[in-house]
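TrEMBL annotations:
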BINDING   A:Leu20, A:Asn27, A:Lys159  xanthine binding site
DOMAIN    A:56-160  domain 'Phosphoribosyltransferase'
BINDING   A:Ala131, A:Ser132, A:Gly133, A:Lys134, A:Thr135  5-phospho-alpha-D-ribose 1-diphosphate binding site
There are 2 protein chains.
Amino acid sequence: MNELAERIRLEGQVLPGGILKVDGFVNHQLDPRLTLEAGQAFARRFRAAGVSDVTRVLTAEVSGIAPALATAAALGVPVVYARKKRPLTMTGAVYSARAVSRTKGGEVELSVSADYLRPGERVLIIDDFLASGKTLLALAEIVRAAGAQLVGVGCLIEKAFEDGRARLAPLGVPVLSLAVIERMDEATLEVRPG
Amino acid sequence: MNELAERIRLEGQVLPGGILKVDGFVNHQLDPRLTLEAGQAFARRFRAAGVSDVTRVLTAEVSGIAPALATAAALGVPVVYARKKRPLTMTGAVYSARAVSRTKGGEVELSVSADYLRPGERVLIIDDFLASGKTLLALAEIVRAAGAQLVGVGCLIEKAFEDGRARLAPLGVPVLSLAVIERMDEATLEVRPG
C-alpha cells in the first residue's frame with residue numbers, strides 16, 4: 001500500500017530500542033480514511049491470495065483494533081479483539097495465550113471469550129505490527145485452542161529485519177503486510193509498499 | 001438509534017455491581033456495520049444540534065476507539081485515543097488527567113500527546129458509555145489543558161439512572177447518546193433509543 005509506506009517515510013520516527021514511532025496515524029492518532037483503505041486493501045489482497053469465506057477477524061487490543069475493524073468492515077464479518085487484562089464482563093469460558101509487549105514492557109496474557117470464537121470458524125488475524133511475531137503467534141494459538149481455522153495473517157507494518165515472518169511460516173497460511181521496513185536506525189528508514 | 005437499543009435489549013446482560021455486559025457488539029466483539037452506522041448517526045445528530053467545524057475526535061482506549069473512529073470517518077477528521085498506560089513512543093509534552101475504570105478496577109491516568117491536540121482545535125469527545133461521567137470529564141479536562149475547544153460529547157450507551165449527564169452539564173456543550181438505559185437490575189433491562 002503506497003500511501004501507508006509514504007506516511008511512514010514522511011512521519012515515522014525511529015526511537016532507541018528498535019521502536020518505530022507511528023503515533024500520528026497508527027498508535028495514538030488515526031487517519032480514518034487511511035485506516036478504512038487499509039482494511040479494503042487487506043480484503044482485496046487476501047482474496048487475491050486465495051483466502052475465502054472468512055467468518056471472523058481477530059486482533060489484540062489496543063493498536064490492532066482500528067485496522068482489524070476496517071478489515072472486518074470490508075469483509076462484512078464481526079471482529080473480536082483479545083483483551084490484555086480481563087474485564088469483569090469476561091465471564092464464562094476463555095481462551096488465553098501469553099505474549100510480550102515491546103512498547104509497554106513485560107508479558108501480557110491475551111484472552112478471548114469462547115462465546116465469540118467458535119469451532120469451525122475461518123479466522124483472519126489482523127494487527128498493526130509484524131516484528132518478532134510473538135503476539136500474532138499467541139493469537140494463532142487462541143484460534144487453535146478454540147477449534148477454529150486460521151486462514152491468514154495481516155499486519156500494517158512488517159519489520160523485515162526481524163524474524164517474525166520465519167516464526168509464522170509453520171502456520172502455513174498467507175502472511176501479508178501493507179508496508180515493509182527493510183532497514184531502520186537513527187539515521188535510516190527504508191520503507192517499501194508490502 | 002433504534003438498532004443499537006434493540007441489540008442491547010436482545011443481547012445485553014446485567015451483571016452484579018451495576019455493570020451492563022455488551023461484549024457481543026461493543027466491548028470485545030464488534031459488528032462493523034453497526035459501528036460505522038453509529039458513527040454516521042453521531043455525525044448527523046451533532047450537526048443537527050448545531051455543532052459544526054469539528055477538527056478532531058477524542059476518545060479513551062480501549063472501548064472508545066471503534067465508535068470514535070467511525071465518527072471521525074463520518075466527519076472526515078482525525079481521531080486521537082488517550083492512552084491509559086504511556087507507551088515508550090509517547091515522547092514530548094503530554095496532557096493527562098485521572099479517571100476511574102469500573103470494569104477493570106482502580107484509577108487510570110489518561111494521556112494525550114500535545115502533538116495531536118493543538119490550541120484552537122474544535123474537539124468532539126466520543127466514548128462507549130456515559131455512566132458516572134468521570135472518564136468523559138477527564139477527557140474534557142485534557143481538551144481544556146490543550147487550549148482546545150470542546151464542542152460536544154457523544155456516547156453509545158447512557159445509563160440515565162446515574163449522574164453522569166448532570167456532571168457534564170457545566171461543560172455547556174451538547175451531550176448525545178444513541179441508546180439510553182432507563183432502568184436495569186438482574187430482572188429488568190429498560191432501553192430506549194437516545
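These residue numbers are counts, starting from 1, taken along the chain as shown.
Each residue, glycine too, has its Cβ placed from N, Cα and C.
Because TrEMBL annotations are produced automatically, they should be read as predictions rather than curated entries.
Locations of recorded TrEMBL features on the structure.
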{"residue": "A:Leu20", "record": "xanthine binding site", "Cβ contacts under 8 Å, 6 or more apart": "A:Ile8, A:Gly12, A:Gln13, A:Val14, A:Phe129, A:Ile157, A:Lys159, A:Ile181, A:Met184, A:Leu189"}
{"residue": "A:Ala131", "record": "5-phospho-alpha-D-ribose 1-diphosphate binding site", "Cβ contacts under 8 Å, 6 or more apart": "A:Arg102, A:Glu158, A:Lys159, A:Glu162, A:Gly164"}
{"residue": "A:Ser132", "record": "5-phospho-alpha-D-ribose 1-diphosphate binding site", "Cβ contacts under 8 Å, 6 or more apart": "A:Val100, A:Arg102, A:Glu162, A:Asp163, A:Gly164, A:Arg167"}
{"residue": "A:Gly133", "record": "5-phospho-alpha-D-ribose 1-diphosphate binding site", "Cβ contacts under 8 Å, 6 or more apart": "A:Glu162, A:Asp163, A:Gly164, A:Arg165, A:Ala166, A:Arg167, A:Leu168"}
{"residue": "A:Lys134", "record": "5-phospho-alpha-D-ribose 1-diphosphate binding site", "Cβ contacts under 8 Å, 6 or more apart": "A:Ala99, A:Val100, A:Gly164, A:Arg167"}
{"residue": "A:Thr135", "record": "5-phospho-alpha-D-ribose 1-diphosphate binding site", "Cβ contacts under 8 Å, 6 or more apart": "A:Ala60, A:Ala99, A:Val100, A:Ser101, A:Leu110, A:Asp127"}
With DSSP assignments reduced to helix, strand and coil, which class does A:Lys159 (xanthine binding site) get?
strand
When each of the binding-site residues A:Asn27, A:Ala131, A:Ser132, A:Gly133, A:Lys159 is checked against chain B, which show a C-beta distance below 8 angstroms?
A:Asn27
Determine which residues of this chain, when A:Leu20, A:Asn27, A:Lys159 are set aside, have a Cβ within 8 Å of the centroid of the xanthine site's Cβ atoms, and list them as they appear in the sequence.
A:Gly12, A:Ile19, A:Lys21, A:Val22, A:Val26, A:Asp128, A:Phe129, A:Ala131, A:Ile157, A:Ile181
Number of other Cβ atoms within 10 Å of the Cβ of A:Asn27 (xanthine binding site) across all protein chains:
21
DSSP-derived structure type at A:Ser132 (5-phospho-alpha-D-ribose 1-diphosphate binding site), helix or strand or else coil:
coil
Could you check what DSSP calls A:Leu20 (xanthine binding site) once collapsed to helix, strand or coil?
strand
Other residues near the 5-phospho-alpha-D-ribose 1-diphosphate site, CB within 8 A of the CB centroid of A:Ala131, A:Ser132, A:Gly133, A:Lys134, A:Thr135?
A:Ala99, A:Val100, A:Phe129, A:Leu130, A:Leu136, A:Leu137, A:Glu162, A:Gly164, A:Arg167
Would you report the average pLDDT that the model assigns to the domain 'Phosphoribosyltransferase' (A:56-160)?
95
